[in-house]
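**Q** Pasting a structure here, questions to come.
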Amino acid sequence: MTTTIDGARIARDIRARVAERVAETAACGRVPGLATILVGDDPASAVYVAAKRRAIREAGMRDFHRHLSRHASGDEVAAVIDELAADPDVSGILLQLPLPAQLDAATLIDRIPAAKDVDGLTTASAGRLARGERGLRPCTPSGVIELLDAEGIELRGACVAVVGWGELVGRPLAQLLLRRGATVTVAHEFTADLAAVTRPADIVVVATGVRGLVGPEHVKPGATVIDVGIHRTPEGLTGDVRAAELDGIASRITPVPGGVGPMTIAMLMVNTLRAAEWNAVPKTVPA
Ligand SMILES: NC(=O)c1ccc[n+]([C@@H]2O[C@H](COP(=O)([O-])OP(=O)(O)OC[C@H]3O[C@@H](n4cnc5c(N)ncnc54)[C@H](O)[C@@H]3O)[C@@H](O)[C@H]2O)c1
């Protein structure tokens, strides 16, 4: 029998714990705050930013939002980032991607100080992750790790296949898993025989952006399958995995929607709280 991993419930629990902690820090006069920056009018980005802002407010944190015109120049966006970086009430800064074509995302992302990089996407945060130093980790891969932990799935010594080597998900996830003692194999678009890589794995994580890529031919009986992909179709949201075909084969599987997606927002809340705690300066100078 295949169990569906309830990412929505696990995410709700995490968000409730964050809200409790926020209430405690607020009682000490410090309220964490997230600044979201949206450039342009991409409808999907607007929906994602609205969901993040709603979650921030629900957690009791402060919601700082900036909406810039789709014609904004690099200097204008940089000035907004610099202003938020200097604001002690702003714990974290999130620059919603993708950006309009005239803007260089990598340069602007790197303008966010690592201490406020709640998306974990700056070069500094990536370097800290690679070296195992304290830092803010990208939300989706850390959400995958939280899901596996919440399900009580042992990572140390587990054989994990990560399908997809993208900067947002696959690459940081492989590093997080290695740090947890898993044996990690990474497959990508040039992998000659995907099934040969994924079939030995105890855990298969798929983050490729290729709808329905992984099916029963790729998964050994009893394995756990985590589907990171999100595709909007006329029938609703679906993932990179043919989930129905894995029923009775996988031991556990994440649904789309309701699996990894809610975890991404929950981990953004965790990162904002963490950034606020790490950046906290004493309100008074100790005697
Ligand atoms: N659930 C969430 O919250 C969330 C968050 C971020 C991304 N995503 C989804 O995760 C997916 C991956 O995102 P990304 O930003 O890492 O993508 P990306 O485009 O940066 O990387 C895709 C990776 O998949 C690999 N790939 C492509 N075709 C393949 C194939 N046929 N076989 C094996 N590997 C193949 C590529 O080599 C590449 O490494 C997307 O579907 C995205 O929508 C979901």
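Here the Cβ of each residue, glycine as well, is placed from N, Cα and C on the backbone.
Okay, these came from TrEMBL:
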BINDING   Gly164, Trp165, Gly166, Ile230  NADP(+) binding site
DOMAIN    5-119  domain 'Tetrahydrofolate dehydrogenase/cyclohydrolase catalytic'
DOMAIN    138-278  domain 'Tetrahydrofolate dehydrogenase/cyclohydrolase NAD(P)-binding'
**Q** Within a 10 Å radius around the Cβ, which one of these binding-site residues has the most neighbouring Cβ atoms: Gly164, Trp165, Ile230?
**A** Gly164
**Q** So how many of the residues in the domain 'Tetrahydrofolate dehydrogenase/cyclohydrolase NAD(P)-binding' (138-278) end up helix, strand or coil by DSSP?
**A** 53 helix, 28 strand, 60 coil
**Q** Within 10 Å of the Cβ of Gly166 (NADP(+) binding site), how many other Cβ atoms can you find? Include all protein chains, please.
**A** 15
**Q** Going by DSSP assignments with H, G and I as helix and E and B as strand, what are the residue counts for the domain 'Tetrahydrofolate dehydrogenase/cyclohydrolase catalytic' (5-119)?
**A** 58 helix, 19 strand, 38 coil
